[in-house]
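Novice: Structure provided below as structure tokens; questions to follow.
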Amino acid sequence: MPVLMPSADVPTIDISPLFGTDPDAKAHVARQINEACRGSGFFYASHHGIDVRRLQDVVNEFHRTMTDQEKHDLAIHAYNENNSHVRNGYYMARPGRKTVESWCYLNPSFGEDHPMIKAGTPMHEVNVWPDEERHPDFRSFGEQYYREVFRLSKVLLLRGFALALGKPEEFFENEVTEEDTLSCRSLMIRYPYLDPYPEAAIKTGPDGTRLSFEDHLDVSMITVLFQTEVQNLQVETVDGWQSLPTSGENFLINCGTYLGYLTNDYFPAPNHRVKYVNAERLSLPFFLHAGQNSVMKPFHPEDTGDRKLNPAVTYGEYLQEGFHALIAKNVQT
């Protein structure tokens with residue numbers, strides 16, 4: 001069962017000290033992260049150094065210029081049986097039934113010579129990109145942005161979350177590397193404005209709220225989200241479902257299920273959902289993951305030796321099972 005969060009307060013935290021060397025300033029950020037993760041489970045990261053205006057411009061141009069044929073040719077196996085990819089590719093809208101569409105790409109380090117690719121390891125794929133002539137510089141931007149947001153996420157996780165959990169800054173260092181991370185960037189989740197909007201594409205929550213995507217927990221270590229400034233997210237709290245504020249400048253951060261598992265729910269993954277809003281908007285999440293063979297020993301910061309802790313598991317196995325469970329619950333996105 002998901003943990004019901006105590007509040008829906010979402011603080012904005014200046015994370016710039018995490019890039020520096022002042023231990024007191026870092027400790028101050030860590031205390032704020034701790035409070036946020038044990039409050040609503042969400043916080044906004046400001047002073048992150050990423051050009052979100054250009055990000056939106058590139059994403060909007062991509063959607064404007066993609067043809068239906070291109071989308072189908074690049075679609076993952078769930079939408080195009082001729083494509084073996086299950087992660088990297090296009091996730092198509094289905095007229096009258098599903099309006100959201102997205103493009104997902106994975107670690108640019110996964111080339112044909114990568115050991116996991118050679119071994120045919122599940123969840124590892126070499127990215128296929130849209131045609132360069134039709135979408136000039138799209139791939140170069142995507143790969144550059146992936147590395148920027150990965151490094152931002154790693155700083156948040158390594159220096160922020162580790163300190164917030166009472167661990168040394170380098171606690172996660174060897175488990176999350178740019179060469180092997182399973183992290184994915186669903187760069188382009190697009191929610192369209194439609195008139196009329198198909199009723200079959202709208203879901204209804206148990207409380208009667210109309211939804212675009214039902215309640216779920218993110219299968220990740222942490223999620224780093226930028227979205228356009230249209231209110232849509234809700235978190236499940238002890239007082240029921242409550243709306244989260246928006247920001248047109250900052251990244252929304254929350255713990256995924258693995259950090260909840262690793263900390264025995266000291267930092268739980270917040271249960272959240274997407275309200276139905278008939279408005280053109282973008283949702284651009286980065287899901288930070290460890291590597292396939294990473295194994296971390298679960299702990300609890302307040303454990304005195306009498307607490308039953310989760311067993312250690314291989315990250316790749318954990319992620320694959322988590323994805324299958326998410327799709328089974330919420331259907332293919």
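For all residues, glycine too, the Cβ spot is worked out from N, Cα and C.
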Novice: Besides H216, D218, which of H272, H289 does Swiss-Prot list for that Fe(2+) site?
Specialist: H272
Novice: Compute the C-alpha separation of D218 (Fe(2+) binding site) from R87 (isopenicillin N binding site), stating it in Å without decimals.
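Specialist: D218 (Fe(2+) binding site) to R87 (isopenicillin N binding site), Cα-Cα distance: 15 Å.
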Novice: Need this for a regression test: binding-site residues H216, H272, R281, filtered to those with Cα within 10 Å of Y191 (isopenicillin N binding site). What's left?
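Specialist: The binding-site residues passing the 10 Å Cα test are R281.
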Novice: Nearest to Y91 (isopenicillin N binding site) by Cα distance: which of the binding-site residues H216, H272, R281 is it?
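Specialist: Minimum Cα distance from Y91 (isopenicillin N binding site) across H216, H272, R281 lands on R281.
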Novice: 10 Å Cβ neighbour count around Y191 (isopenicillin N binding site)?
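Specialist: Excluding its own Cβ, Y191 (isopenicillin N binding site) sees 24 Cβ atoms within 10 Å.
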Novice: Could you check which of the binding-site residues (R87, R281, S283) sits closest to H216 (Fe(2+) binding site), going Cα to Cα?
Specialist: S283
Novice: Can you give me the average pLDDT across the domain 'Fe2OG dioxygenase' (180-290), rounded to a whole number?
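Specialist: When the pLDDT values over the domain 'Fe2OG dioxygenase' (180-290) are averaged, the result is 97.
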